[in-house]
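A.B. asks: Can you keep this structure in mind? I'll have questions shortly.
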């Protein structure tokens, strides 16, 4: 265990930009900090992927194991079992998965890809792996079929040929069905690609081949010839057998279904157009949309089920995709929210030659998975237990909290359980295969996602599972805009489209305080309550933030402002409301006056009923200035112990007391610098003319980090519009608060325009000709850019060098790499806290780094992290006598003179520094990257100590020890190819991290060695040893007269002895990483080995049982024969020959 002496300050680590002096030597034992984290504590690996498979393309179901597989257009395969059993696999090529086929109850899966490769996956291990690959070189794969309990896979191609593959060895058979032999010789045209292959349910020796042109061929495998050919004018999309093997149904491109008798190829027995209008004159019905798929499933007790997708009339008003279920004389058309990709009918038996007895339909949509109950009236859907609703509205921000208070998840679940929808099927979820993992690492984890519709979802992410706990709709606080009003707003497209979208959020799990910032420049503060309440008037605070002189028609230059003294700003300067008089929303209209001093959204004016859960405490809105919308909020923080909320954007920052519903501070970033600060900048504006915030010609923002605050949108144009408000950067001017004259009942804060008749007050603002560009970002383009607030941190610390004891303070990080400090003076708790003002004073600059500030944290003298102080949660709606008094956590003991008792850890886009407090001396500095920049950084608590985790734009994930900033881990994990990853990447405690890998999926990773070692135990198992159901009984007469299913020895037909070898140039065999036996032995866990051993024992026991039965029958027969022979011998023993 290595020790680092804080007294030994390395030369050269205190750069000139930090402006810190060397710490004074001390002899206290607190100067020595023992670091326990080492490189061996870290390892990076993926854990689990949650959410709906992005861009699904195919689906398969194992009816015995009850496992569902979904393939995607990016080559991914997602496997689902019971709730909590999920698995993610990826093909290296990334080609689209066009078809999936289970080896039913064998623990294997065949996948066919768009690059004409076929893969065999082993599912008998916790992390499936590819055993074999077959790459076709000369033909394109269009359809695959694997008969139940068969090891021979039929592969149809674009040329119309059918090849046969042995799935055990993954080698091609010499048996090939050529298209020219399958169709009639008199046909002069090519039949097109193979779109369907299936074997006759009652005769395995006959397979049905469907060609795209409309021709269907019944092929005799033994005789190697076509028995029947069925021709139709319309193209075929799918074919479905009737279980008795005498009829089959085809779906066509004109919306018709044709049913054919196997022995009558001349014309279809029945032709129907399910959704076509039947003319009275007997003519053909009008054509409809193509029926893309049809399935025909029989029942013992009643009519068969015909399930199909598509086929609606062209003049039907419904534009949604529909699934049609025909049962007897009833036809049900089920509308879907998204286009249908595929569907499967789940049946009681896996045998195709038995009554199917369908009980559910799994419908794979482009953005959802729906399971329909066929056994209940009205066909209700099952309640989906998987976390597939992450993308219900596009995700705009994500936060990850590991090791939360244990009572938090039950509290969120209790209020969230009341939000569940009604009308679901009462039956259990039918996809119920697999087993849960047996991991021992379990601690409360919560993921919070903000969405474009203004909703916030809380997810239980404990034990590598994901389950929604609670959903909060922030849009309920606002009134809906009337139709037609959008065209009057000169706002950006993204705000018009999603005005309630969540930009950023700050959540304190201990106090349960939630603060949310939206794209319409609004901030909402929530308290958690288990009781329902009705708010008569929603508390509102309107804020006017104006940071550029050129945005306002003012003749006075910026330099005409005299310097103002540094004094705390009392809340009276912002015109707070009188006690008991809640603020109200200002009504505004766009047709009779400009939208100046008006907010972008109108707060709900009627009494608001609030359900148990998060309830509105205060709404803060930034108002329009000079006909332009306010800048979007880039940073946000809430302190429950101080009762304060702070938010900032490119115009400046504002501090709000949410207990008194008053504004404490409203100022530009340049005003925070003290008069003697060498980095204080003269206010200036690079813009010459007023431009709307959505103008695309505005230069990009200087800080790399600032671009990442833009919320999610998939359209490039909309994303650019959302970036524009942050791109318009220039220094703010000296502006202060004034009393509102618009409405005496509305608490407003405004940035005052330069005018000789207006009184000026401010914080540490000074007119100075000294100006220095502090842009140190790697992509700095606009040298004279406005400095925006990038991060906040509330702390009990030492805001000044002269402080002897810690006090409440607010630490600010800017996009130019400066850390500034505000000292907070709080009244005593109780009634005085609600009546006396909170003092705020600027303490100047602490330190400066290269690049924008990303995160800040504080350590005590022993190197342990100092969490922000908080107010323990109590029921806010409880009676007054039951409410607990607000108590601030006890402050740390005062420091001795000349010694540092705290250390501030500051990380920017380029480097990290550790600064001693109160001396403000820089002890350690580490340049994280030179050629790239850090996207996300967090100080995280590991099981063995504390570290700084960083994610860079070049894909590297790094961890640094604290406080010495020693590199512990540096892995090139994920090159930044998508801004979505940069926006959503989150670190959390105990070595957990996550990001949005697609618009619909969350990828969780770990950088903890302990978690990696226990990952196999934590993961669920897909394969469970199960007995295959018994085959249907053929019956006495069918067995006697040759009826029933006819078996086929495919080995005799397709084996190398009978069919010969296939052409080597046709396909290339690529073995898996270790071959089948090696893969089974190495990658399988102990449970998998036991499962296989159990299966082998079961099979051996079954065979031994059968042998024993046969032996017993033979012995009984022999005994009977011996007995009869002995009786006959006794009967004729003493008789003469003539007496016989």
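Including glycine, each Cβ sits where the backbone N, Cα and C put it.
Where the annotation comes from TrEMBL, it is an automatic prediction and has not been curated.
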A.B. asks: With TrEMBL as the source, which of 491-548, 549-606, 607-664 is set down as region 'Disordered'?
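C.D. replies: The listed stretch tagged region 'Disordered' in TrEMBL is 549-606.
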A.B. asks: Choose the correct range: of 671-702, 799-830, 831-862, which one does TrEMBL annotate as region 'Disordered'? Give that range.
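C.D. replies: My reading of TrEMBL: the region 'Disordered' range is 671-702.
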A.B. asks: Going by DSSP, how much of the repeat 'WD' (229-263) is helix, how much is strand and how much is coil, in residues?
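C.D. replies: DSSP classes over the repeat 'WD' (229-263) add up to 0 helix, 19 strand, 16 coil.
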A.B. asks: Express the predicted model's confidence over the domain 'V-SNARE coiled-coil homology' (1075-1135) as a mean pLDDT, rounded to an integer.
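C.D. replies: On average, pLDDT over the domain 'V-SNARE coiled-coil homology' (1075-1135) sits at 65.
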